[in-house]
Structures are given as structure tokens and as C-alpha cells.
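Worksheet for the structure shown next.
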Amino acid sequence: MRNPTFIAIGECMVELSVTAQNKLQHSYAGDTYNSLVYAKRWHNELDCYFLSGIGQDSFSTLMTAHWQQHGISDEFALTSDDHNVGIYAIKNDDSGERHFDYWRKESAATQLMSLIEQSDCESHWPHFDLVYFSGISLGILSDEDKDKLINLITRLKAKGSKVAFDPNYRPKMWANKAHAIRWLEAAYTVSDIVLPGTEDHHDLLGHASVSEIVNYCKQYDVQELVVKAGKEGVFAFDCGQALCHVPFTPADRQLDTTAAGDSFAGVYLACRMADKPMKLSIEHASAAAGLVVQHQGAIVEHTIFDAFRQRLANHTVA
């Protein structure tokens with residue numbers, strides 16, 4: 001019996017941050033990539049792939065090695081001859097909120113659709129049980145390539161893949177709200193699982209409540225709608241019908257919120273791929289996000305996360 005397959009689409013970048021000793025350090029991160037790492041950590045039997053563009057620079061070589069260390073295949077890391085990987089610097093304020101500076105314009109990942117066409121590789125891809133992308137996956141592309149990505153995902157869905165999408169709205173990536181809404185709607189149209197935050201919908205569409213988000217999403221063929229509502233908790237809907245509400249549990253401390261949503265998405269999707277109920281999947285995903293915000297950086301140290309996962313498993317069994 002084959003392992004379930006999970007492919008995430010997007011951009012992994014070099015992450016620069018300053019240590020407590022005022023020294024510069026680097027790692028690798030990106031929203032859908034982070035989610036994929038946490039999915040693999042939660043459900044080790046997953047075969048995980050990351051579809052993106054990389055360069056021929058030294059950071060690209062180190063980056064794909066980083067993927068492999070985390071159990072992520074680099075089989076679909078498509079190499080550009082003249083573009084390198086993107087870079088971002090992160091600074092956290094006293095509340096753990098993050099502030100970014102980016103150097104990603106025309107990075108290799110922004111050329112993804114051209115790289116797919118040039119390599120003529122799509123026809124050789126295996127079946128993917130789950131395809132995951134985000135508003136950022138779309139936002140880095142030209143409009144022509146956004147359309148090509150939506151068409152690619154439509155083809156994968158037609159072959160039996162389930163599609164998951166997180167809006168992850170970043171205003172600076174879009175010409176204006178109308179531009180972002182156009183592509184949000186295109187993404188919702190092809191998605192089976194949607195993981196919006198209330199802030200996404202409020203900022204883009206003016207939705208002031210979870211019920212407004214649910215009513216809006218009823219025009220799409222969304223099977224699972226998981227609305228992250230901050231301190232109000234998480235609300236789950238199955239084919240438009242209310243399923244459950246998981247209350248918000250604050251973390252003991254909040255050091256870095258960089259990957260809270262990414263870890264939530266990864267663990268939730270991994271649980272669902274392991275046939276766990278939506279409510280339990282949300283509980284585990286929320287707990288994982290609560291752990292991640294207590295540590296610096298997008299990817300929590302493996303031993304810390306594994307110990308947390310084991311404690312949670314023991315508690316669940318008990």
C-alpha cells in the first residue's frame with residue numbers, strides 16, 4: 001500500500017534574523033513550505049513534495065538540502081538558469097508580532113510556471129492525494145502565471161487530487177483589493193478545503209462575522225471550511241453546515257507568531273489525511289500553533305516538536 005502524497009506549491013526563501021547576541025543567522029522558510037514541514041512531522045508516513053523554483057546559487061543548494069533534512073522531496077524543485085532564491089529579514093516586537101523586509105522580486109519561484117513549461121515535466125508527475133497552495137503562492141506570480149497555476153491545479157483536481165487553500169492575504173502583494181479578490185475567488189472555485197482567517201475576509205471583503213464568511217463561501221464547492229477567528233477560536237463547517245467550534249487557548253508566552261497559521265494548516269491537513277475527524281484535527285492544529293508561537297523562527301526544533309506531539313498523543317489516548 002502506497003503512502004499518501006502531499007504536494008505544496010509556493011516559495012521557500014532564505015530567512016534572516018538577529019539572535020539575542022545581535023548576530024545574523026539564516027534559515028529557510030515560506031508559508032506553504034512551513035505547512036508542509038509541520039504536516040510531515042505530524043504524519044511521518046506522508047510522502048511530501050514541494051513544487052517551486054530555485055536557482056543555481058549556493059543558497060539554493062543549501063535550501064534543497066534543508067528540505068531533505070525535513071523529509072521533503074526536492075524532486076519538483078525546478079532550476080532557473082538566471083534567477084536565484086528570494087530572501088527576507090524578520091524582526092519581532094515585544095508582543096511577538098513580526099515585521100518583514102523582502103528581496104524576492106523576480107526570484108526563481110516567481111518563474112515557476114515558465115519552469116514547468118520549459119521542463120515539460122507535468123505529464124510525468126505522480127498522483128497527489130492533496131495539493132496545497134495559498135494567496136502568497138498566487139501573489140508572487142504575474143497575472144498570466146496566476147491563471148496558469150489555477151489551470152494546473154484544476155487539471156490535478158480533475159485527476160483526483162483534493163485541493164486545499166489558505167488565503168494568507170498580504171496587501172503589498174496585490175495592486176488593490178479588487179485584484180486580490182479576483183484571484184481569491186479563482187482559488188476558492190478550485191478548492192475542496194479552505195482555511196481562511198477572519199482578518200483575511202474582513203480586510204478584503206469587509207466581512208465582520210464568521211457567518212458572513214460562511215455565507216460567502218456557499219457559492220463555491222468547498223467541502224471543508226475552517227475559519228480561524230483569533231480569540232474567538234476556530235469554527236468548522238462541513239459542506240456549509242456548522243460542525244464544531246474549538247475555543248481559543250492562549251499560549252503560555254508569545255515570542256514569534258511567524259508560522260502560527262502555517263503550522264495550524266500543516267497539522268490540520270496531516271490529521272485529515274490520516275482520516276482524523278475535523279474537530280480533533282483542529283484541536284491538534286491549534287495546540288501545534290500554540291507551541292510554535294513560543295519559539296523563535298518559522299520551524300521549531302525537531303526534538304521540541306516531537307516531544308510536544310508525543311505529549312499530546314498520550315493526553316489524547318488518556
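Every residue gets a Cβ built from N, Cα and C, even glycine.
Packing around G30 (substrate binding site) is summarised by its Cβ count: 30 other Cβ atoms lie within 10 angstroms of its Cβ, all protein chains included. Residues or ranges marked as substrate binding site in Swiss-Prot: G30, D31, T32, Y33, N34, Y88, Y102, W103, R104, R170, D262.
For D262 (substrate binding site), the same-chain residues that are 6 or more apart in sequence and have a Cβ closer than 8 Å to its Cβ are D31, T32, N34, S35, Y38, A298. Reduced to three states, the DSSP call for D262 (substrate binding site) is helix. For N168, Y169, R170, K228, A229, G230, K231, E232, G233, A259, A260, G261, D262, the entry in Swiss-Prot reads ATP binding site, with the evidence type similarity to another entry.
Residues annotated as active site, proton acceptor in Swiss-Prot: D262.
When Cα-Cα distances from A260 (ATP binding site) are compared across the binding-site residues G30, Y102, R104, the shortest belongs to G30.
Distances between the Cα of N168 (ATP binding site) and those of the binding-site residues G30, Y102, R104 are shortest for G30.
The two recorded residues K231 (ATP binding site) and Y102 (substrate binding site) have their Cα atoms spaced 29 Å from each other. Put simply, of the binding-site residues R170, A229, G233, the one whose Cα is nearest the Cα of Y102 (substrate binding site) is R170.
Mapped onto three states, the DSSP output places K231 (ATP binding site) in helix. Annotation for the binding-site residues R104, R170, K231: lowest Cβ count within 10 Å of the residue's own Cβ, K231.
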